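Chemist: Pasting a structure below so you can have a look.
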Amino acid sequence: MEGYKSFLAFLVSSLLLGFLGVIFTLVWVLHWREGLGWDGGAAEFNWHPVLVTSGFIFIQGIAIIVYRLPWTWKCSKLLMKFIHAGLHLTALIFTIVALVAVFDFHNAKNIPNMYSLHSWIGLTVVILYALQLVLGVSIYLLPFASNTLRAALMPVHVYSGLFIFGTVIATALMGITEKLIFSLKEPPYSKLPPEAIFVNTFGLLILVFGGLVVWMVTTPAWKRPREQGMEILSPTVSSPDETEEGSTITDCSNTEKSDVELNSEAARKRILKLDEAGQRSTM
């Protein structure tokens with residue numbers, strides 16, 4: 001892999017930022033909000049940001065970059081497809097529970113559903129994500145689609161996945177801003193109390209996390225090799241000079257082998273000529 005150290009830096013940074021985003025969400029709802037529960041109250045609503053951040057953002061981000069991990073390139077493509085689909089399915093389950101939590105809370109408090117832009121885009125992107133998962137499994141995991149169809153739809157599959165991922169992060173940023181505006185009264189959000197600063201920082205974390213994931217998955221040099229027998233490059237890969245040297249040694253060995261074969265053939269012909277001459281002299 002070209003730029004292995006750069007890839008490793010991006011990977012570690014993205015995982016750290018994503019994990020910090022999950023921690024920030026938990027600290028937010030446990031310290032400044034009402035905690036977590038499942039009673040139709042505010043504590044049930046708090047599952048919504050926690051599950052969206054951990055599942056729809058963090059786990060989905062891992063699912064997107066899992067093919068780019070060079071340590072998995074020796075694994076079979078089928079196994080990686082199962083891992084890729086399994087992570088996406090886990091993210092979808094987290095998201096569905098998050099939707100149930102927010103609808104339960106709204107219904108228990110007689111709060112209208114689906115009136116804000118956040119809710120419109122949020123539900124739309126969940127539906128698109130579910131369709132993406134179903135179509136991805138049907139075309140790329142199950143053995144029904146032809147290779148031609150798979151190759152033709154791959155650019156659409158990749159683009160729609162990145163579009164959904166980016167839309168999820170944008171919708172999450174809208175949601176946390178909306179929550180702060182509704183919840184912070186004394187002092188208001190405009191006064192930037194500690195909770196506002198903390199949650200704004202959380203928003204920056206998931207935004208940068210998304211940017212790093214998109215960068216890793218769109219860098220051609222970090223793409224998983226296509227051929228089964230392709231050499232897997234790692235930090236300990238031989239340098240081009242070493243590869244050239246190995247090629248030279250192989251060529252030299254082949255040359256020596258050819259010389260030996262030629263000498264053996266010449267000796268055999270000389271022996272045959274001597275035998276023929278001996279037979280003539282005897283006659």
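The backbone N, Cα and C atoms fix where each Cβ goes, and this holds for glycine too.
Because the structure is a prediction, the values reported are computed rather than measured.
The annotation heme b 1 binding site is assigned in Swiss-Prot to HIS48, ASN113, MET114, TYR115, SER116, HIS118, GLU178 on the grounds of similarity to another entry. The annotation L-ascorbate binding site is assigned in Swiss-Prot to LYS77, LYS81, ARG150. Per Swiss-Prot, the feature Fe(3+) binding site maps to HIS106; the stated evidence is similarity to another entry. The domain 'Cytochrome b561' annotation in Swiss-Prot covers 13-218. For 234-262, the entry in Swiss-Prot reads region 'Disordered'. Annotated transmembrane segment per Swiss-Prot: 6-30, 46-67, 77-103, 117-142, 150-177, 196-220, in sequence order.
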Chemist: Long-range neighbours only, meaning 6 or more apart in sequence with Cβ under 8 Å: which ones does SER116 (heme b 1 binding site) have?
Modeler: GLU178
Chemist: For the domain 'Cytochrome b561' (13-218), what's the mean pLDDT in this predicted model?
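Modeler: Computed over the domain 'Cytochrome b561' (13-218), the mean pLDDT is 97 on the 0 to 100 scale.
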Chemist: Over the residue list LYS77, LYS81, ARG150, recorded for L-ascorbate, what is the maximum interresidue Cα distance in Å?
Modeler: 14
Chemist: So which of the binding-site residues is most packed in, judged by how many other Cβ atoms lie within 10 Å of its Cβ, out of LYS77, LYS81, ARG150?
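Modeler: Of the binding-site residues LYS77, LYS81, ARG150, the highest Cβ count within 10 Å belongs to LYS81.
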Chemist: Nearest of the binding-site residues to MET114 (heme b 1 binding site) by CA-CA distance, picking from LYS77, LYS81, HIS106?
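Modeler: Nearest candidate: HIS106.
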Chemist: Would you measure the largest Cα separation among HIS48, ASN113, MET114, TYR115, SER116, HIS118, GLU178 for the heme b 1 site and round it to whole Å?
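Modeler: Overall maximum Cα spacing for these binding residues reaches 17 Å.
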Chemist: Same chain, not part of LYS77, LYS81, ARG150: whose C-beta falls within 8 angstroms of the C-beta centre of the L-ascorbate site? Give them in sequence order.
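Modeler: Near the L-ascorbate site, the remaining chain residues are LEU78, MET80, TYR140, LEU141.
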Chemist: Ranked by the number of other Cβ atoms within 10 Å of their own Cβ, which of the binding-site residues HIS48, HIS106, HIS118 ranks first?
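Modeler: Highest number of other Cβ atoms within 10 Å: HIS48.
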Chemist: What whole-number Å value do you get for the CA-CA distance of ARG150 (L-ascorbate binding site) and ASN113 (heme b 1 binding site)?
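Modeler: Cα of ARG150 (L-ascorbate binding site) to Cα of ASN113 (heme b 1 binding site) measures 39 Å after rounding.
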Chemist: Whole-number Å distance between the CA of LYS77 (L-ascorbate binding site) and the CA of ASN113 (heme b 1 binding site)?
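Modeler: A Cα-Cα distance of 42 Å.
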Chemist: CA-CA, which of the binding-site residues HIS48, HIS106, ASN113 lies nearest LYS81 (L-ascorbate binding site)?
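Modeler: Smallest Cα separation from LYS81 (L-ascorbate binding site) among HIS48, HIS106, ASN113: HIS48.
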